[in-house]
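In what follows, a single structure is set out as structure tokens and then discussed.
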Amino acid sequence: MPDEQQPPNAQSTIAAWRAIDAAANRAAEGLRVVEDFVRFGLDDRHLTTLVKNMRHDLASALQQFSSETLHSARDTQADVGVTLSTNGEQSRTNLTQIATSNLKRAQQSLRTLEEFSKLVHPAVSAYFEQLRYRSYTLEKGLTTTQANSERLAGARLYVLIDGCQNAEKFSQIVAELIAGGVDIVQLRDKSLDDRTLLERARQLREITAATSTFAIVNDRCDIAALADADGVHVGQEELSVKEARAILGVGKLIGVSTHSIDQARRAVLDGADYIGVGPTFPSQTKSFDQFPGLDLVRQVAGEIRLPAFAIGGITLENIGQVVEAGLSRVAVSGAIAGANDPREAAEAMRQSLRGAN
Ligand SMILES: Cc1ncc(COP(=O)(O)OP(=O)(O)O)c(N)n1
Ligand SMILES: Cc1ncsc1CCOP(=O)(O)O
Ligand SMILES: [Mg+2]
């Protein structure tokens with residue numbers, strides 16, 4: 001009979017149960033630390049719910065094992081690993097490091113659970129594998145939320161402009177927006193030919209390069225890449241985050257439009273760097289049949305910490321309602337780009353976002 005068909009001997013079985021017992025504790029502990037990070041560190045209700053559900057599902061899978069068997073196999077005093085620790089385990093310099101190292105610890109433990117349970121309780125192994133994959137998705141949402149909360153911490157006012165009548169006028173408005181305190185400028189022009197669009201994108205890149213204002217291209221990853229823009233903004237029917245990332249590479253910003261809380265949650269787990277949330281109010285720039293409105297702004301503000309920009313018909317008159325609904329970031333076109341004095345309009349809007357959380 002080949003080796004793999006022989007049942008494990010008693011010694012192997014005890015070793016497997018000991019490994020499972022230790023990994024079960026490590027996985028649960030690791031997930032608890034991650035949950036406390038997303039809850040108290042990020043204050044993110046969506047990610048907190050995901051980790052809590054994972055902990056719950058882990059506990060259910062572990063219930064398939066008899067606790068009597070686990071405890072009888074346990075022999076902490078004789079465990080040669082108890083007193084071994086690396087320098088890395090002892091040093092933690094920030095909250096993110098605590099979260100990521102504990103998530104890794106949970107993932108490794110899930111792998112141990114998956115492998116060793118194949119020996120003593122094969123039916124349950126696949127649950128651990130599923131949990132491990134869920135943890136990878138969670139890791140993506142957690143790390144992009146944390147990184148972009150920092151990277152876009154100061155980004156409040158986002159303005160969408162078209163390519164203007166000519167290059168000179170375009171340069172002029174970009175310069176005025178920067179002077180007015182605009183944090184992100186998006187080139188959104190659906191009618192320019194590709195060569196002119198690329199020219200404008202390059203202009204935007206050049207003018208913003210020495211400033212803290214980000215340059216984003218709407219829809220077109222190819223143009224964004226060629227112009228070396230800071231990123232691209234994609235809608236629900238356009239390239240996915242994964243596809244946009246494949247073109248632009250890591251480090252570039254990928255924004256996603258969201259029109260429901262489910263789309264917003266999905267965008268977080270897909271690894272979007274920020275989301276657009278709307279349409280909030282009727283817009284002169286684009287027409288819509290449906291308005292998730294301030295209800296969606298409230299929902300997103302209540303559970304998501306990835307930078308979120310309310311968009312659609314936002315003006316100096318109604319921006320206070322957006323802030324009151326919980327978002328302190330807005331994306332605006334008409335009320336600023338169409339104003340007689342875009343710089344002044346931007347300054348006024350920037351001012352009304354200043355005190356907001
Ligand atoms: C910041 C921001 N949010 C939302 C949108 C809208 O994108 P999309 O839904 O793809 O629609 P178009 O802009 O392509 O017409 C955006 N552009 N920017
Ligand atoms: C592109 C887009 N997507 C949702 S609203 C909108 C237009 C935003 O422009 P405005 O601020 O003029 O309503
Ligand atoms: Mg689009």
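Backbone N, Cα and C define each Cβ position, glycine as well.
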*For the 4-amino-2-methyl-5-(diphosphooxymethyl)pyrimidine site that TrEMBL lists with Gln186, Leu187, Arg188, Asp189, Lys190, Asn218, Lys286, give the additional residue from the candidates Ser149, Ser257, Ser260.*
Ser257
*Tell me which residues of the chain lie with their Cβ under 8 angstroms from that of Lys190 (4-amino-2-methyl-5-(diphosphooxymethyl)pyrimidine binding site), as long as they are six or more apart in sequence?*
Asp219
*Over the domain 'Thiamine phosphate synthase/TenI' (157-336), work out the mean pLDDT and round it to an integer.*
98
*asked:* Taking ligand 3 as the reference and 6 angstroms as the Cβ limit (strictly under), which binding-site residues among Gln186, Leu187, Arg188, Asp189, Lys190, Lys286 are close?
replied: none
*Looking only at Asp189, Asp219, Glu238, the binding-site residues on record, which one has the least crowded Cβ, with the fewest other Cβ atoms within 10 Å?*
Glu238
_Within the domain 'ThiD2' (18-140), count helix residues (DSSP H, G, I), strand residues (E, B) and coil residues, in that order._
101 helix, 0 strand, 22 coil
*Which of the three DSSP-derived classes (helix, strand, coil) applies to Ser257 (4-amino-2-methyl-5-(diphosphooxymethyl)pyrimidine binding site)?*
strand
